[in-house]
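Lifted from TrEMBL, the feature list:
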DOMAIN    25-96  domain 'Mur ligase N-terminal catalytic'
DOMAIN    108-313  domain 'Mur ligase central'
BINDING   G110, T111, N112, G113, K114, T115, S116  ATP binding site
MOD_RES   K219  N6-carboxylysine
DOMAIN    336-461  domain 'Mur ligase C-terminal'
BINDING   R385, D409, N410, P411, R412, G459, E463  meso-2,6-diaminopimelate binding site
MOTIF     409-412  motif 'Meso-diaminopimelate recognition motif'
Amino acid sequence: MMSLKEIVSLLPVCEVSGFEEKTIIETISMDSRLIEKKSLFFCVPGFTVDGHDFAQEAVEAGAAALVTDRPIQMSVPVIQVPDVRRAMALISARFYEYPSQELKMIGVTGTNGKTSVTHFLEQMLELLEVETGIIGTMYTKYAGKEISSNNTTPESIVLQKILRDMRDAETEAAAMEVSSHALSNGRIHGTRFDIAVYTNLSQDHLDYHATMEDYARAKSLLFAQLGSGFVKERQPYSVINVDDPYSEIMMEASAAPLITYGLSKHAAVRAEEVELSGGRSNFYFCAPGIRDHVTLNLPGRFSIYNALAAASALYAYGWRWQEIIPLIPLLKGVRGRFEPVFSSAPVHALVDYAHTPDSLENVLQTIKDAAEGKIITVIGCGGDRDRKKRPLMAAIAEKYSSFTYLTSDNPRTEKPEAIIEEMKSGMSGIRYNVIVDREEAINEAVRKAKPGDVVLIAGKGHETYQEIGRDRIYFDDKKAAEKALKEWVE
Ligand SMILES: CC(=O)N[C@H]1[C@@H](OP(=O)(O)OP(=O)(O)OC[C@H]2O[C@@H](n3ccc(=O)[nH]c3=O)[C@H](O)[C@@H]2O)O[C@H](CO)[C@@H](O)[C@@H]1O[C@H](C)C(=O)N[C@@H](C)C(=O)N[C@H](CCC(=O)O)C(=O)O
Ligand SMILES: Nc1ncnc2c1ncn2[C@@H]1O[C@H](COP(=O)(O)OP(=O)(O)OP(=O)(O)O)[C@@H](O)[C@H]1O
Ligand SMILES: N[C@H](CCC[C@H](N)C(=O)O)C(=O)O
Ligand SMILES: [Mg+2]
């Protein structure tokens, strides 16, 4: 519950019309369809519709006051602010009594690896007996509950409510994915992070951010707001992959001391003498005063980066290296990330969430390093998303694969054939086929495979749907691959 007076006191440059001292707010909402009595309704100027157009509907449904970015005439108080989403984030944090200040908050940002690193953190913290929650692409998970996600980083009202619920359930730490969209439109404004982790930056989302520099600047906002909302005796830290070319931008923005990690000698926390083989790696884990041999039972160089990121974040948390290093060999893979499909067929199939040029290249390079047979790739690109990555992803698939199937991956409101056409423009040879139906593409790829070959099914990972138009139809790469492999044996 909040009074209008309290709300206004949070917003130094707002203009209020129809102010009434006695107005009390009992719920907050950005959706006119969910308004209850005594609600504060935020008129969010969206990317598809404008929340201001629903102001009347919200008042009729019981909204007691509105937050807008322009003057509008209504029968209830109207608070006009320069940026509704940011005002909403500040008010949400206050409404739920600043839950982020009562949790150890670890935010992870970067193009690839956020879901993986947050899961590594969850696994390690559970082993250290710290009750940990996760907020990210796959779900929000805490205290035995799993709530499916709409967005990688939720809108501020949802986020603050989740964090409050986590605290009520005695969750101690939250490992949270922070997307560039969330940073640029203020979803995490008003949230206090203790540790911010940077994984990497490579091409994606150029539909939303005008240039790579804009994209990098959005990511850097996490580091710039570190520790905001001072909590005594809780020093914030930035954990940065120093091998990444954009790391300098994050370091420059950082309001907190840095812990750098990577494979190069510039990193404070390093993997040295790396040997990759048989789906795992061996290396020396080096940090000031430490040089311990470890085995990481996960494939690829990118998994080493993710493990170093999680280990460095735990160090920033206050754990000692002697407590952290023994956890590295215990790390397990994450659903939909380099996930093998089990079957009795001598053909290997892998489901992976690679949906950017960089992640696809990493995954294919990792397969190539280990594979005895040929690589066959099934790949599509999302509709209504960055179009510039389409030809690049197709070209990478072609470079590493003996054969590629171009197919659909969430065409959304675009025509799947048109997306595939754009992918095709990146292909230079003829070792590919177009099969729009994803299940049929997986069947064909598996049918074509010989013993020892690897079929990579990329782009959807854990997703259990195909988004066509605005509908989601059930589809699971893993289930489709299991069925195809069964038929291969028969
Ligand atoms: C581009 C973007 O960020 N879109 C997000 C945004 O939608 P929007 O601003 O377009 O909302 P809108 O539909 O125009 O509606 C505007 C306002 O009118 C309200 N409204 C609407 C209809 C009505 O009848 N009454 C009403 O009040 C809506 O509740 C809303 O407040 O706000 C919505 C509510 O929070 C989000 O779900 C939505 O994410 C969509 C699904 C999306 O695809 N987002 C992607 C681009 C995204 O954010 N991705 C990142 C991860 C990327 C990555 O790291 O790979 C993420 O964090 O998820
Ligand atoms: N550190 C990394 N560097 C490059 N590629 C990675 C890294 N970690 C994972 N990948 C690859 O990227 C894919 C996506 O990984 P993950 O889901 O952890 O990233 P994410 O940042 O959460 O993605 P999203 O933006 O969709 O939430 C994985 O399936 C894997 O192929
Ligand atoms: N978080 C990512 C998910 C992409 C997954 C892929 N399957 C697609 O639909 O493009 C995004 O919003 O770009
Ligand atoms: Mg993710």
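Backbone N, Cα and C atoms are what each Cβ position is placed from, and that goes for glycine too.
The shortest Cα-Cα distance between G113 (ATP binding site) and any of the binding-site residues R385, P411, G459, E463 is the one to G459. Residue counts for the domain 'Mur ligase N-terminal catalytic' (25-96) under DSSP, helix first, then strand, then coil, are 25 helix, 19 strand, 28 coil. Look at T115 (ATP binding site): DSSP puts it in a helix. Listed as Cβ neighbours of the motif 'Meso-diaminopimelate recognition motif' (409-412) (distance under 8 Å, sequence separation of 6 or more from its ends, same chain) are residues 355, 379-385, 419, 438, 459-460, 463, 465-470. In the three-state DSSP reading, P411 (meso-2,6-diaminopimelate binding site) counts as coil.
Ligand 3 lies under 6 Å from the Cβ of none of the binding-site residues G113, T115, S116.
For ligand 2, the neighbouring recorded positions among S116, K219, N410, R412, G459, E463 are S116, by Cβ distance under 6 Å. Secondary structure counts, DSSP: the domain 'Mur ligase C-terminal' (336-461) has 46 helix, 26 strand, 54 coil. Measuring Cα to Cα from G110 (ATP binding site), the recorded positions that fall within 10 Å are K219, out of K219, D409, P411. Proximity to ligand 4 at the level of Cβ atoms, with a cut-off under 6 angstroms, picks out K114 from the binding-site residues K114, N410, E463. Note: the Cα of K114 (ATP binding site) and the Cα of N410 (meso-2,6-diaminopimelate binding site) are spaced 21 Å from each other.
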